[in-house]
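Residues annotated as region 'Disordered' in Swiss-Prot: 19-55, 672-702, 720-743, 818-837, 858-1102. Summarising the annotation, Swiss-Prot assigns compositional bias 'Polar residues' to 38-49. The annotation domain 'Helicase ATP-binding' is assigned in Swiss-Prot to 147-315. The annotation ATP binding site is assigned in Swiss-Prot to LEU160, PRO161, THR162, GLY163, LEU164, GLY165, LYS166, THR167 on the grounds of sequence analysis. Under the heading motif 'DEAH box', Swiss-Prot lists 263-266, citing sequence analysis as support. Summarising the annotation, Swiss-Prot assigns domain 'Helicase C-terminal' to 490-651. According to Swiss-Prot, the feature compositional bias 'Basic residues' maps to 687-699. As annotated by Swiss-Prot, compositional bias 'Basic and acidic residues' applies to 822-837. Residues annotated as compositional bias 'Acidic residues' in Swiss-Prot: 1069-1082.
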Amino acid sequence: MGSDYDSFDDDVADEVLMALDKPATSGLHSREQEQQRDISNATPHTSTDLELEDFGSDAFDYSPERERAKPIQTARNQARTFQQTTLLGRIASQAPEPLGTQPRNSRVFRADLPPEVPTHHALDPEALKTWVYPTNLGPIRDYQFSIVKNGLFNNTLVALPTGLGKTFIAATVILNFFRWTRNAQMVFVAPTKPLASQQVEACLNIAGIPRSQSTLLTGETKPVLREAEWEGKRLFFMTPQTLMNDLSKGYADPKRIVLLVVDEAHRATGDYAYVKVIEFIRRFSKSFRVLALTATPGSTVEGVQDVIDNLGVSHVEIRTEESIDIRNYVHSREIDRVVLEPSDEMLRISELFSQALKPLHSKISQQKIYIGRDPMSITTFGLLKARQDWMKGPGRFANQGLKMMLMAIFTILQSLAHAIKLLNYHGIRPFYDNLVAFRSETEDKGQKGSKYKRQLIGEQSFQEMMDLASKWLKIDGFAGHPKLTHLCDNLLNYFMDAGEGSSTRVIVFSEYRDSAEEITRVLNVHKPMISASLFVGQADSKKSEGMKQKQQIETIAKFRDGIFNVLVATSIGEEGLDIGQVDLIICYDASSSPIRMLQRMGRTGRKRAGKITLLLMKGKEEDNYAKAQDNYEKMQKLICEGSRFNFRHDLSSRIVPRDVKPEVDKRMVEIPIENTQDTSLPEPKARSTRGKKASKKKFNMPDGVETGFNSVASMLGISASKTKAKPNKSPKKAESKETDEISPVPPLEGVLLSVKELAELNKKYRDLPFFHQDTEEICMPSLTARPDLQRVLRPTVHVKHGSYTKRCVRLFKKLSHSQGIETRHTKPHGDTDKSRYLDISVPPFAEDSGEDVVVVPSGRKRSLSPSSAASPPPPGRKRKANTTAAPRSKRQSVVDEYASESEDDTAAARQRKTNAAASPESKRQSVLDEYASESDAEAVTQASEDEESVGSLADFISDGEANGNFPKDMTGFTSDEDDDYRSGSLAKSSLSGPLSGRQVHRSSGAASKSGSTASTAAKPFFVPASLPGTQQTDDDEDMPDIGILVGKKQPETRVRKPAKKSNAVFLSSDDDDDDNDDEDDVQPGPAKRTVRRRVIEDSESG
């Protein structure tokens, strides 16, 4: 390479050098004298050129040059006879160069490079004095030593044939950067987890890096575990996709990465994860080393250049099998090419399938879209290319119907081209399975499917072909392809020659999974001599599931241990897998890619001589293999020459200071004890971060970046004085700080409402009328409600919580913690009510024979006279109210009683309607609900008005009450204001209805037995209810005598009719049998009247 630069001076004319040394003259006269002198001294060749010196430099740009003596043309000059032009017609050498980032292909010297920015990594000055080369594996190999030395100081692309120790080179470079830096991190990335797992053993057991400082991360590892590993470990083995995710989420710090080892670097093209990782790290740091490992850099010059640009490679170390320094370490590989002819069965199937495809193939041939006579020669790529060319050309102006028809035919033929490839290169069974799936899909759609698909499967030749294939595949021992027959014979002979107990192993490579499954099935027929296992990728197919990474690792381990001796693998086994002592490689199908072919061949000949057998079909497959071999040899020469590639010296930093020159230290590296005790993979354990969660996403910023806002003036360097003065804004008012002192208590006159305001409040807001009949009361808000919310600070808008509020909240919260867990949220400490008062059984009704009813004080039940005691109903059953009906009209009575909480609150009434009997001949029934409150609130009762029967009230009056004698237990129902109204209100009241004359009074002492009237009126205990006008009547015939009501007279006996159902609301009863009481006969006399009365418990919980 240096000879090209040294010979540059020979191409420069001596006249040009002499002209550069002469000083420039001024003036026309001096110029003419100089020209005459030059002409007289010039040679015939140069005199003509000097005469044209006055013309412009571009006067003869497009004129032919003067013919000179033709020099002897060399191979280099002959290559310059062709000129490359641009799209505008200019010569490529004269066209302006694009603004690219690649430097010119020139020799780079250290002195010509700009001064390098010191690295931001913390280095160990003592360790930088030496670099270690391990001698654990035996003698030193020169090519490995040279590659490691260059890889320490340059971004290097290492291209070595398989089995020559690329992993050892990577482990040595990792070891030295591990020593040189204090807390920097090294990452080894591989395309798959099995490949990454293999590198762990080499780095830990060869380089001696502590196991506690290394880890293996994949996509299966939880993010919280990966984050913890990035914080404490220094060496990472992972897939590029996982590394990209950790970088983007902020788990990994790109500034800490000092070394990135890329395995199978030929994948670093396009949008692969390798490219994204390098770009991401380079955004934040340029001080990191890249070591790229591969066996085949690429198949084209452009592909290799993409790898160099994407990885920032500045140096290439490439070796071939013919290189002198590796010739002693390459084992011989015997390549055996077997060319086979198609079988008679294949030819018959091809003939029938060609007849079936002929109608569809002729339609695209007539349009001159796809030229070809034989339908069996179609390929997927050829059809796709022809379709694109037609759409860009004649297809743009074609009829829409024609275009849609041709596109449908193209789609069908492209799907069938894969089946043709399976038939030609893999066998009849994969071909038959593919067409069975095609036919089933078409038949399932029925008439909704493509008509061209139905036309194809309806062809007689297609049906005959499928019948023949199905019949042949049912025959035992039918191979279906000559490759299968030759494969079985070759393996049987190979294992028989190896002898029993041999440890030899074989790998069979196939491109498609269907073909690999068929090969495995056929080989396992010859057990126990041949024991085959399938090795495929993780993706699922239509017929079978993929292999997880764990299953892949287990399969490789079993193959190494000799549990089975044949491994049938797809492309997943081509790259990088160190499967072990493989002595025979069989390529079931040849690939046109030289990368894939070399990767396959590299699986053998690693530690001893190997053999490679290629099974090729005569024709196209044989030609593809020849092209792959030629392309590989050509690319190896170009890479070794290096003149066609531009290397990125600008992206390769030395990291180690230039004044530091480490010396090599060849020694035996000590392996830590922890590396030998535990042989498992260093994967993070789930128990180490139990209960932790992944942190939020972090955003890494480059060094020196300003995260704040910069004005345009500051970016242009304009001082603040030159900028326009900003208008003065009014200063913001200082926010009042919170004080610990409580504000003084205001006087009550300024806070409480006046008498007038209180009356207005009661009138407008507290007492809301309901149809101008009843009064509904709105209670004031309670400060003790919602105790759970008083233990937490509620959201605020304008006013923040004060210090005393916070102290109170903490106090309430601390008090709640002092309660038990079960009672913390129940009343009175919470809002939950667990008293279960609804589950209390309803008290039994008592039979009233007209005698006195004794009211039991609070906490006791109301007692009955011995003659009227009734047995309690069974618990758990609801009691329904007895209903009777009058002969003429329905009788309704609603009685509700409420007690208010304070003495100042006025009483309001709510109606509860029940049906009651109105006939004087029937027994009297009514229901009274009594509620007791904590304060001395007044109780209000309502009775019916005009058409309500007086009999419903008679049930509440005993003989003693009728004579003015109230029981002593009734004294609690009177107030001090009712002392003047303890007797004789019946004579004074004016009756406007049947019941308005009857009043039930409260008594604080013994009631008077006389019926005398009082001079003053008091507030009644029962308030008459206002009934709608539709139920009013002037008929008072049903009005019974007062004597009958109090039991002094006997009413006339009448026959009762069954009561009709009413829409009134009744209190339910626990005894369903009480409904039959409506049919009881009426018995004269108060002593024989039996009416069920409810015994009310006079307590707060009732």
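FYI, residue positions are counted from 1 along the chain as it appears here.
Just so you know, glycine gets a Cβ as well, placed from its N, Cα and C.
Distribution of Swiss-Prot features across the structure.
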residue	record	CB count, 10 Å
LEU160	ATP binding site	22
PRO161	ATP binding site	21
THR162	ATP binding site	19
GLY163	ATP binding site	18
LEU164	ATP binding site	21
GLY165	ATP binding site	20
LYS166	ATP binding site	24
THR167	ATP binding site	19
In three-state DSSP terms, the structure that PRO161 (ATP binding site) belongs to: coil
Helix, strand and coil residues within the compositional bias 'Basic and acidic residues' (822-837) as assigned by DSSP: 1 helix, 2 strand, 13 coil
Helix, strand and coil residues within the motif 'DEAH box' (263-266) as assigned by DSSP: 2 helix, 1 strand, 1 coil
For the domain 'Helicase ATP-binding' (147-315), the mean pLDDT of the predicted model: 89
